[in-house]
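Listed in TrEMBL for this protein:
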- 30-215: domain 'Aminopeptidase N-like N-terminal' (DOMAIN)
- 250-467: domain 'Peptidase M1 membrane alanine aminopeptidase' (DOMAIN)
- His322, His326, Glu345: Zn(2+) binding site (BINDING)
- Glu323: active site, proton acceptor (ACT_SITE)
- Tyr408: site 'Transition state stabilizer' (SITE)
Amino acid sequence: KGHHHNMVRGVTFPMPERRPFVRLPTDVYPVNYGLRLKPDLIDFTFEGKLEAAVEVTQGTNQIVMNCADIDIITASFVPEGGDEINATGFNYQNEDEKVTLCFPSTLQKGAGSLKIDFVGELNDKMKGFYRSKYMTASGEIRYAAVTQFEATDARRAFPCWDEPAIKATFDITLIVPKDRISLSNMNVVDRKPYPEDHSLVEVKFATTPIMSTYLVAFVIGEYDFVESQSSDGVTVRVYTPVGKAEQGKFALEVATKTLPFYKDYFHVPYPLPKIDLIAIADFAAGAMENWGLVTYRETALLIDPKNSCASSRQWVALVVGHELAHQWFGNLVTMEWWTHLWLNEGFASWIEYLCVDHCFPEYDIWTQFVSADYTRALDLDALDNSHPIEVDVGHPSEVDEIFDAISYSKGASVIRMLHNYIGDEDFRTGMNAYLLKFQHKNASTEDLWECLEQASGKPIAAVMNSWTKQMGFPIIVVDQEQHGSDRVLKISQKKFCASGPRNGTYENCPNWMVPISICTSEDPSCTKMKVLLDQPETTVNITNVAPDHWIKINPGTVGFYRIQYSSAMLESLLPGIRDLTLLPVDRLGLQNDLFSLLHKQADMQEEKNRIERVLGAIPAPDLIQRVLNFALLYIALRLSKRCLHFI
């Protein structure tokens, strides 16, 4: 992050180039991780034993794995039906977070078992296997041991093949103080006293499905919980700090409504017997979708029934909806590499709203999506320093640098546009095909486009590539003429830039494939016509539109573009704004587009008058009106500034 130069008295020295990133070799891969961990909550260390069932695909005398801040004590390999071979050396490549285990003889092709004893530290970096501070009722400070592995920190808890496409099953056993709660992805199958120390218990969890390392999780600490059963038989628990169980009830209600919604939407059942949602005191992200054990920062999960505002309830509902969506999209089917992380997050950031709208229709949450995510994404993406939502990732450390509001908010906005373009029924058919085809496996963005293309018969990949692989978005310029009882629209596109129109040639101007919906004043909430603008300009003929009826582009404010209407078209929209027949989300979109166009027009005086009329027609609370007046005053000042350079 930041600049790759060292400054010394004004002289810059380029940083040494980072060695090119190389993925792990594929000659040995894991099938199952048998993992025993014994954390020490006083000294902040842990002991671990790994016994991994592996497959050797070609003879080799070394095994390369990921490993960070872990000391290996012993390692050996036992081929199926053969003798144990002890590793003779461990070569740590610290900057690559890798370790190479060297063996005195060749490990033959076939199945075997890799055994590693190791120690590590319960760090305070909020990543890997780390410690989280809390206070007991009596005021004593204690620590919980918790995990955060995405993107690449499972390797801080145990040596592993820490790449999303190297999936395996996990058998986890935790050895913990007997007065503490211990949780992992799966349900507990056995709990017995630890022979060497009777203050400890050995807690064994059921075998996980085939899954990626970054979704593994465990928590050891003191918590209360509330529990419920979803209508499809999944046990749901929300774990809270001790004494705050009632603050978990709202999230519990959301989770129990959400699981059946997704099961029905994807037509794929939730694949685990239980799901736990837990509030962690020290937590870096908002939440993390670990399979079956979702971790949250306290503000994203806990709601005090006595004093919490509507907005914090909505926030919790959205975050719970987002993380539970990942249980299917991300966990059951996982991106092949971090390049496709935008899809994982953009999809969950869109469907969380669909889910909350289903559970709480009274929130009118889609209008909030437009005012929060959609307009924010348009504002950011119009800047010259924007970036495409899909960026090739080499080294996983690049993920944090690339991942920002554009990835989430524009990602969610273009998925919303895609869903609208395909239609709900075909979209669900394609999603179901995708989840079934790739379950317990990995997929890329293109795989999803292909499934949606087959379900809808529309050119999904071609359309979506124009929105994901290039930055920015178009401004759609619209004019109209009345021909008898028909309305003829002339529609064209060009790249929208916040800094004003681009000078120079338009030959190399980017084009988008733009799904455009059109409605009329006859029924403003219903789309009368859909077209795909796949060239710089086109003409659209709409039959049976009376001369006094208005036409509006992009009903519902779903398309990811701005619109510039001709003066006459804008004038004709005024009555719809005044009498509120235009829906709030459309008035919002119109207002937002006009606002962004204010400082881009050549003849600003005419533009100012035109926009003043439209904005003046929008019934808005005083606050908004004051903001608008201020903006218009600012424009007036800028206009006068051309004559008087006193500002």
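Just so you know, glycine gets a Cβ as well, placed from its N, Cα and C.
Note: TrEMBL annotation is automatic and uncurated.
These numbers come from a predicted model, not from an experiment.
Around the residue listed as 'active site, proton acceptor', the same-chain residues at least 6 positions away in sequence with a Cβ under 8 Å from its Cβ are Leu277, Ala287, Met288, Glu289, Val294, Tyr296, Ala348. Note on proximity: of the binding-site residues His322, His326, Glu345, the one nearest Tyr408 (site 'Transition state stabilizer') is Glu345, by Cα distance. All protein chains shown were included, and the count of other CB atoms within 10 Å of the CB of His322 (Zn(2+) binding site) stands at 27. Close to His326 (Zn(2+) binding site) in the fold, though at least 6 residues off in sequence, lie Glu289, Asn344, Ala348, each with a CB less than 8 Å from its CB.
Around the Cβ of Glu345 (Zn(2+) binding site), a 10 Å sphere holds 21 further Cβ atoms from the protein chains shown.
For the recorded Zn(2+) site, residues His322, His326, Glu345 set the reference point as the centre of their Cβ atoms, and the other residues of that chain within 8 Å of it by Cβ are Glu289, Glu323, Ala325, Phe329, Gly330, Asn344, Phe347, Ala348, Ser349, Glu352.
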